[in-house]
Amino acid sequence: FPPAVFPLSCVVQNYSWGKVGLESEVAKLVASGDPLVQIQPDQPYAELWMGAHPRGDALIRDNRIPQKTLGQWIADNPACLGAKVKDTFQGQLPFLFKVLSVNTALSVQAHPNKELAAKLHAQFPEHYPDANHKPEMAIALTPFEGMCGFRPVEEIVSFLQNVPELRALIGEVAAEQLERSGSDDPRGVSAALRVCFTRLMKSEKKFFVDQLNMLVKRISQEAAEGKDTSGSNGDLLLRLHSQYPGDIGCFTIYFLNLVRLEPGEALFLGANEPHAYLHGDCVEIMACSDNTVRAGLTPKFIDVLTLCEMLNYTPAPSSSKIFPAAQSQLDPHVYLYDPPVPDFTIMRIEIPASIKLYLISAMDSASILLVIQGTAVGTSTAAASEMSLQRGSVLFISANESISLHLSSPDGMLLFRACCLL
């Protein structure tokens, strides 16, 4: 039998928003996972892709396996996905697992649902490369900040009253419509919110740049005088403006929730949920798609009309965006992040130092295992030989295969395992 459990060497994406050199969790994981890798001190290490995506197909680190990449191996051995996964997702690994190290903000964006994705892909294949939806979930590795979903209306109204530059862009009529919309009429609230946000995003470039410059100047002066600028969300405004001067995305901070995650806390982003990651390191999992509709904080192609049409305009407090992990009934060391989509689930596995032998159990799905901390030797009847695991190691585990970990680290282990639980 060919080995069905094997180590991977994963693709790094050096996007400009990534943390630089060894400040990046991505770089640290890559460096400890493969001591031969040279980390460039001035290069951004933004994303580590663990999967079989054509733009970042992982290399197989086992010279007994004829296939070079995970994508080739799955194509030749589709049963490794597990029977249900193979049938449901047409012989493809349904998820892409990543580590992100965010230094400057990512674009304000949302991902389409399946219906819209198919339509956008048919009309504009150069911007929307596939027909799949792209729900995603991020779990913080370090304190992590992002914007996600529309704020409660009273917060937005408060900014409309405290930030005259914002009110000028939206216009008096739309602002008053939102102020008058009552909590007893959620559809009216969403309609008013849609008008306000669309007016902001479609405002004339010269006009919004002038308003933004006025706002930045005013906040900078107030901050210099030691005044409290929180009523205008001053700190975040100045930070985003320094990263993307003159960008309309700077104004989205008045509409979107600021969410702060502690390590282990998660954010689930369903279709049409507006979001932008701001800072920190996380593991992320998503359906295997590249479809992103962008509208600000980016030099890339932006599609304001589509974004404003598709968004979910339901206001909700930032606390409601944090997705809870459930401790497994079967194994108290496993915490499950199981979102309301079929494409993926993540397990966080915390093995205390007192345990010297731990079984990564078999399941009816292919999975990818990432070591965040700790060392062990892994053995499996499906592996060619024993595997040494340390921080940054990544393993592919075929469906229905298990691994015994012989732990050798004094402080236990922290692992994340991505899979598909149908």
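The backbone N, Cα and C atoms fix where each Cβ goes, and this holds for glycine too.
No curator has checked TrEMBL annotations; they are predicted automatically.
In TrEMBL this protein carries:
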type	residues	note
DOMAIN	5-153	domain 'Phosphomannose isomerase type I catalytic'
BINDING	Gln109, His111, Glu136, His275	Zn(2+) binding site
DOMAIN	169-256	domain 'Phosphomannose isomerase type I helical insertion'
ACT_SITE	Arg294	active site
DOMAIN	336-376	domain 'Phosphomannose isomerase type I C-terminal'
Residues within 8 Å of the Gln109, His111, Glu136, His275 Cβ centre (excluding the Zn(2+) site residues themselves) | Ala110, Lys134, Leu269, Glu273, Thr292
Would you mind sorting out which of Gln109, His111, Glu136 (the binding-site residues) have a C-alpha within 10 A of the one on Arg294 (active site)?
-> Gln109, His111
Around the Cβ of Gln109 (Zn(2+) binding site), the count of other Cβ atoms that are within 10 Å = 24
How do the residues of the domain 'Phosphomannose isomerase type I helical insertion' (169-256) split into helix, strand and coil according to DSSP?
-> 67 helix, 1 strand, 20 coil
Calculate the per-residue pLDDT averaged over the domain 'Phosphomannose isomerase type I catalytic' (5-153) and state the result as an integer.
-> 96
